[in-house]
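Here is the structure we will look at.
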Amino acid sequence: MMMDNHFFHLVKYSPWPLLIALNLINSITGITKFILNSSNFMCFFFLFISVLIMIQWWRDIMRESLYEGFRSLKINYMIGSGMIFFIISEICLFSSFFWMYFYYSLSPDMETGSIWPPFKVTQMSFMDIPLLNTMVLLMSGFFITWAHYDLTMNSFKNSSISLMISILLGTYFLMIQGYEYMNSSISFNDSVFGNSFFILTGFHGLHVMIGLIFLIVMMIQLIEKKFSLVNLNGFEYSIWYWHFVDIIWLCLYLTVYWWGM
């Protein structure tokens, strides 16, 4: 084998990075059309294609780990470092969105009536749906941590139950978020307030969807008992990402819903 004389895994040629990059460009086009004229076909179509590509890509990665033996301790350490840097890049992305929100909220211009929220924008109570969503997402984070604990105790059944509850709570969070959008008194076109509100909450919702796909893949792995006490890397990476989503939502709740309203 070519990798016998070094610690690294020289990956095979794969179409998935190029396909996911092209599809993300198309997804942005679909999201733009959805914002401008409420045409949601392209948005959901390319989102579905992205899910299919992610499934195929993860399938290849898991095959390399489980059946082809390309995961040494050195490679697992490097993959973990890559996941950490990926989460840091996501933090930078959301930091730019929060910077935008604070910039416009702390110095509102004349077009918003020099107040924040803008004039005639109905304020949303932070004790209503946002608080429920916060409790739901935090409970989901609790159960996924409990699932990891059960797995370290070699209790696959209890871990599967806890992980399923976490997935259901994450799905319930998205349903509540959709209900909030449909019954909201503001829209994306309601000045910079509507822009910043839907960009922040919308991008967070998109990351929750990605996290749910991640957890569902781990659920399938757990049911098929492809984890062991010495091979929990993928499961731990999904936990890192889900707690990142939790923390971003807490920042959203405190700034957008509580302080901003």
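Even glycines carry a Cβ here, placed using N, Cα and C.
Keep in mind it's a predicted model, so treat the numbers as computed, not measured.
Quick look at what TrEMBL annotates:
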DOMAIN    4-261  domain 'Heme-copper oxidase subunit III family profile'
TRANSMEM  16-36  transmembrane segment
TRANSMEM  41-58  transmembrane segment
TRANSMEM  78-104  transmembrane segment
TRANSMEM  125-147  transmembrane segment
TRANSMEM  159-176  transmembrane segment
TRANSMEM  197-220  transmembrane segment
TRANSMEM  240-260  transmembrane segment
Leading contact stretch, 41-58, 78-104, 125-147 vs the transmembrane segment (240-260) - CB distance under 8 Å: 125-147
Non-local residues, at least 6 beyond the ends, that sit with Cβ under 8 Å of the transmembrane segment (159-176): 129, 132-133, 136-137, 139-141, 143-144, 146-148, 150-151, 205, 208-209, 211-212, 215-216, 218-219, 222-223, 242
Long-range Cβ neighbours of the transmembrane segment (78-104) (under 8 Å; 6 or more residues past either end): 112, 116, 192-193, 196, 199-200, 203-204, 207, 233, 237, 240-241, 244, 248, 251, 255-256, 260
